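Peer 1: Quick one: the structure is below, and I'll ask about it shortly.
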Amino acid sequence: MEDVQSHAPQIPLNIDRVGVRELRLPLLVRDRTRGTQQTVASVDLGVDLPSEFKGTHMSRFVEALEQWNDEISYQSVRRLLQDIRQRLEARRAYARFCFPYFISKAAPASGSPALVSYQCRLTGELDDAGQHFILEVDVPVMTVCPCSKAISNEGAHSQRAMVRMRLRMKAFSWLEDFIDIAEASGSSAVYTLLKREDEKYVTEHAFAHPTFVEDVVRNVAQRLSEHGQVEWFSVEVESMESIHNHNAFARIERHISDRS
């Protein structure tokens with residue numbers, strides 16, 4: 001059969017990345033408590049395409065992913081990227097796994113357990129120069145405004161904020177490490193299940209630890225700098241302001257050797 005993809009294109013331009021998005025598959029992830037956990041991932045795969053080819057071979061991405069079927073790790077994703085490069089005769093290969101990660105968390109007063117989900121992403125790129133991996137973890141926290149607390153006779157405004165961490169690692173680290181860092185950096189962690197005594201505890205704890213979005217991002221950055229396995233990070237905290245018609249955000253990006 002005719003291979004139309006191999007024809008010359010009308011406009012001979014290199015394409016930086018072409019491929020497939022939102023392939024869904026079961027995924028096995030390492031779990032600090034249980035060893036592993038089963039989740040579901042949405043996967044993007046891509047390669048570069050030289051100017052002399054009209055199109056890439058989309059089916060080969062699916063074939064590579066079907067053959068892969070592995071526990072996610074830097075090593076296993078590297079094998080997938082190598083296979084994609086070979087199958088598509090590409091210089092660069094790209095893969096991105098997006099998945100929810102679940103932790104059973106006990107409510108702070110009653111101890112009632114419930115699963116909390118955290119959105120995670122692992123992105124890998126491979127070319128002749130080497131491999132590059134970025135781990136991303138999104139963690140919701142609660143913040144209480146220090147200014148509102150200081151100037152109000154009763155109460156202060158509070159809201160949920162999202163801590164988004166992008167990390168380049170020296171070696172494997174548990175997802176729980178970074179979830180713990182984020183949850184310790186706001187006014188309070190958030191929970192799926194809270195009884196009345198838990199709501200009382202969370203409210204009082206949060207109001208005893210008011211934090212600006214600037215405080216949260218600095219807290220996270222300091223803890224990431226001290227982690228030991230992180231060589232680069234970008235952390236952004238976005239506060240879904242409860243009394244404003246806008247959100248607030250703060251961001252820090254650092255190589256660990258850069259302390260300023």
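Cβ atoms here come from the backbone N, Cα and C positions, even for glycine.
Straight from Swiss-Prot, here's the annotation block:
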type	residues	note
SITE	CYS145	site 'May be catalytically important'
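Map the listed features onto the structure and describe their local environment.
Peer 2: In the three-state DSSP reading, CYS145 (site 'May be catalytically important') counts as coil.
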Peer 1: When a 10 Å sphere is centred on the Cβ of CYS145 (site 'May be catalytically important'), how many other Cβ atoms does it contain?
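Peer 2: Its Cβ shell of radius 10 Å holds 23 other Cβ atoms.
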